[in-house]
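Report on the structure given below.
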Amino acid sequence: MKLAILSRNTKLYSTRRLVEAARQRGHTVRVLDPLRCYMRISSTGFSMHYKGKPVVGYDAVIPRFAATVTRYGNAVLRQFELMGTYAPNPSAGFARARDKLLCQQLMAAEGLGLPVTVFGDNPDDTDDLLAMLGPPPHVIKLNEGTQGAGVMLTEKPSASRGVVEALRGLYASFVVQEFIAEAQGADLRCFVVGDRVIGAMQRQAPAGDFRSNLHRGGTASPVETTPEERAVAVRAAQVIGLGIAGVDLIRSERGPLVLEVNASPGLEGIEAATCDDIAGGIIEHLAAHVRAKPSNKRSRRLASNGT
Ligand SMILES: Nc1ncnc2c1ncn2[C@@H]1O[C@H](COP(=O)(O)OP(=O)(O)OP(=O)(O)O)[C@@H](O)[C@H]1O
Ligand SMILES: [Mg+2]
Ligand SMILES: [Mg+2]
């Protein structure tokens, strides 16, 4: 198999591990900076060049680019798809995963468990918006927040109102959620590949915090997931349209609730916590798919016409 990894940084742990796992299994792999891929689009064919050379013959592509280059990166990913390359995380799913509100709506529509979430735009609606959610405690999250920064817990209605007003004053985009107290500061990261969870870790918040992010001092350990949790994680990835995903779940009295679905989940934390070869699992999944379904012939033909 000839594999492309779309990443801006070859030194990142996840990128390095995917390259290593592919080479160990005898595959050809190349890391391409998506911003150095440029493409020709015509009704008779699709082609792409990288630093002056044609990009041809790739069997599979994995997007690993950051949110800042989502738009251009996704166009490159789509071009690979049009050229007949297998993309376990196709551009449509990748774009969807980067819109958290859309993900919540899609998953809720499928009946997947989620913390009840409200969001709104106008300050005049704050009281009714919070009433739609129910009494505190509330979790208020900045939509641009990451690694737990910008996730707040409010215990009183006046605190929720105050935080919401302050965020509106800063023109920040945010959601308000019910607080799942029984999770006790823990969440599960389920690493989904295809229709299986190939590894899972539990992250526990440090004393005095409810956020389990490792960047906030959380600790990770391997965890035994239930069949229901695994089914929810796989279904969540499928609803968003991803073959490779890091699905974060929280254990609640009403079953597993999905916190979010990551389209470019990091490998370092989960490989360290579980001692599993997650990178190898990804590569083997790709290779099996490529063996079973040789690339789309028509797209291949179109691709070669264009170069
Ligand atoms: N509704 C909730 N109830 C209880 N705990 C929550 C809730 N939402 C989030 N948490 C805790 O806070 C942590 C951070 O929340 P979340 O994952 O939503 O934001 P983030 O990590 O900043 O965003 P991202 O994962 O996109 O970087 C979670 O890992 C979880 O431990
Ligand atoms: Mg998170
Ligand atoms: Mg995340």
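Each Cβ is built from the backbone N, Cα and C atoms, and glycine gets one as well.
Sequence-distant neighbours of SER212 (ATP binding site) (same chain, 6+ apart, CB under 8 A from its CB) are GLY148, GLY185, ALA186, ASP187, ARG203, GLN204, ALA205, GLY218. Under the heading ATP binding site, TrEMBL lists LYS141, GLU178, PHE179, ASP187, ARG211, SER212, ASN213.
For ASP248, GLU260, the entry in TrEMBL reads Mg(2+) 1 binding site. If you take the C-beta of ASP248 (Mg(2+) 1 binding site) and look for same-chain residues 6 or more apart in sequence within under 8 angstroms, you find ASP187, LEU188, ARG189, CYS190, VAL258, LEU259, GLU260, VAL261, ASN262.
The Mn(2+) 1 binding site annotation in TrEMBL covers ASP248, GLU260. When secondary structure is read from DSSP and collapsed to three states, ASP248 (Mg(2+) 1 binding site) falls in the strand class.
For the recorded site, ASN262 (Mn(2+) 2 binding site), the DSSP three-state label reads strand. Taken from TrEMBL, the feature Mn(2+) 2 binding site applies to GLU260, ASN262.
The Mg(2+) 2 binding site annotation in TrEMBL covers GLU260, ASN262.
Each residue in the domain 'ATP-grasp' (104-287) has a pLDDT score, and their mean in this model is 96. Annotation source TrEMBL lists domain 'ATP-grasp' at 104-287.
With a CB cut-off of under 6 A applied against ligand 3, the binding-site residues SER212, GLU260, ASN262 are reduced to GLU260, ASN262.
In this structure, PHE179, ASP187, ARG211, SER212, ASN213 are the binding-site residues from PHE179, ASP187, ARG211, SER212, ASN213, ASN262 whose C-beta falls under 6 Å of some atom of ligand 1. Close to ASN213 (ATP binding site) in the fold, though at least 6 residues off in sequence, lie GLN147, GLY148, ARG203, each with a CB less than 8 Å from its CB. Around LYS141 (ATP binding site), the C-beta neighbours below 8 angstroms that are at least 6 residues distant in the chain are GLY150, VAL151, MET152, PHE174, VAL175, VAL176, GLN177.
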